[in-house]
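Per TrEMBL, the features are as follows:
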BINDING   Asp67, Asp106, Glu138  Mg(2+) binding site
BINDING   Asp67, Ser68, Asp106, Lys136  3-methyl-2-oxobutanoate binding site
ACT_SITE  Glu204  active site, proton acceptor
Amino acid sequence: MTQLSAAQTKPSDGKTLYGGKGTRRITVRDIALAKERGEKWPMLTAYDAMTASVFDESGIPVLLVGDSAGNCHLGYETTVPVTLDEMTMLSAAVVRGTSRALIVGDLPFGSYQEGPVQALRSATRLVKEAGVGAVKLEGGERSHEQIRLLVESGIPVMAHIGLTPQSVNAMGYRVQGRGEEAAQQLLRDAKSVQDAGAFAVVLELVPAELAAEVTRVLHIPTVGIGAGPDTDAQVLVWTDMLGLTSGRVPKFVKKYAALREVMGDAAKSFAEDVVGGTFPLDEHSVH
Ligand SMILES: Nc1nc(=O)c2c([nH]1)NC[C@@H]1CN(c3ccc(C(=O)N[C@@H](CCC(=O)O)C(=O)O)cc3)CN21
Ligand SMILES: CC(C)C(=O)C(=O)O
Ligand SMILES: [Mg+2]
């Protein structure tokens with residue numbers, strides 16, 4: 001289908017993914033229609049109910065309970081140690097904190113690599129115990145059968161190709177799809193997940209020109225992270241984009257706030273008030 005600009009096709013009833021007035025839960029069907037309209041959309045990660053409620057009230061249509069919770073929420077070095085129990089608990093909290101966003105639960109390392117049956121058992125926990133509307137898993141051709149069984153079983157799947165952080169011990173954190181051979185492999189991976197029935201695909205750390213080509217070739221939406229401006233959607237890790245992550249953040253991150261400084265300054269003000277005896281005042285006391 002030819003891509004039309006959002007301005008040309010934006011429905012007058014405001015049913016756009018971002019800025020839409022609807023309050024019902026967004027579905028994968030809504031996501032598919034956005035690509036037909038040529039509408040770009042934002043996705044953020046969330047790991048807890050409170051943060052998720054802020055993003056939901058801000059109109060972010062899709063929230064990913066990413067296994068980046070490993071390094072951004074749970075204090076691990078990487079996403080590799082994250083368990084399905086942990087993802088289930090965090091996903092349930094994000095579902096409870098939201099009413100409009102589609103919640104996508106990331107399947108952690110080791111919960112789907114054994115094969116389609118293991119993937120279905122794991123995804124079913126996220127759907128039944130946490131209430132997610134979709135799951136995400138890493139891998140293109142190598143995850144084709146897993147995606148196919150989940151989709152056949154009624155669980156929408158977001159795929160994730162390019163840099164797949166659960167494979168950090170094998171591939172490191174390097175740009176993927178550079179050079180003709182790697183670009184052809186990425187295109188095969190993209191088509192493979194689409195053929196398996198994925199409703200969207202994350203493209204992580206791939207050259208912008210290649211991400212644009214994948215976006216043109218596929219009929220399902222692409223969600224870029226470090227993949228240039230031409231993907232259908234963009235995702236960032238929330239602690240990175242709000243300036244809360246400690247230490248290094250990837251260079252594709254844009255920092256929209258400085259929460260680390262805001263929170264640190266507030267903690268110091270509280271401490272100084274307590275030490276100096278200026279908190280609590282009478283107005284904060286009961287008599
Ligand atoms: N805080 C955080 N942000 C993320 O975006 C993120 C996570 N954690 N954890 C899970 C994965 C891992 N991701 C990563 C991790 C490292 C790089 C990285 O080091 N990138 C280099 C570029 C490498 C290259 O040029 O080849 C960089 O400097 O950005 C990128 C994405 C993305 N995801
Ligand atoms: C970076 C996104 C796509 C992710 O998989 C995560 O946050 O775990
Ligand atoms: Mg992830």
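Here, residue 1 is simply the first one shown, and the rest follow in order.
Each residue, glycine too, has its Cβ placed from N, Cα and C.
Overlay of TrEMBL annotations on the structure.
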| residue | record | Cβ within 10 Å |
| --- | --- | --- |
| Asp67 | Mg(2+) binding site | 33 |
| Ser68 | 3-methyl-2-oxobutanoate binding site | 22 |
| Asp106 | Mg(2+) binding site | 29 |
| Lys136 | 3-methyl-2-oxobutanoate binding site | 25 |
| Glu138 | Mg(2+) binding site | 25 |
| Glu204 | active site, proton acceptor | 23 |
Among Ser68, Asp106, Lys136, the binding-site residues whose C-beta sits under 6 Å from ligand 1: Ser68
For the 3-methyl-2-oxobutanoate site built from Asp67, Ser68, Asp106, Lys136, further residues of that chain with CB within 8 A of the site's CB center: Thr45, Leu64, Val65, Gly66, Ala69, Thr79, Val82, Met87, Gly105, Leu107, Pro108, His160
Per DSSP, three-state class assigned to Ser68 (3-methyl-2-oxobutanoate binding site): coil
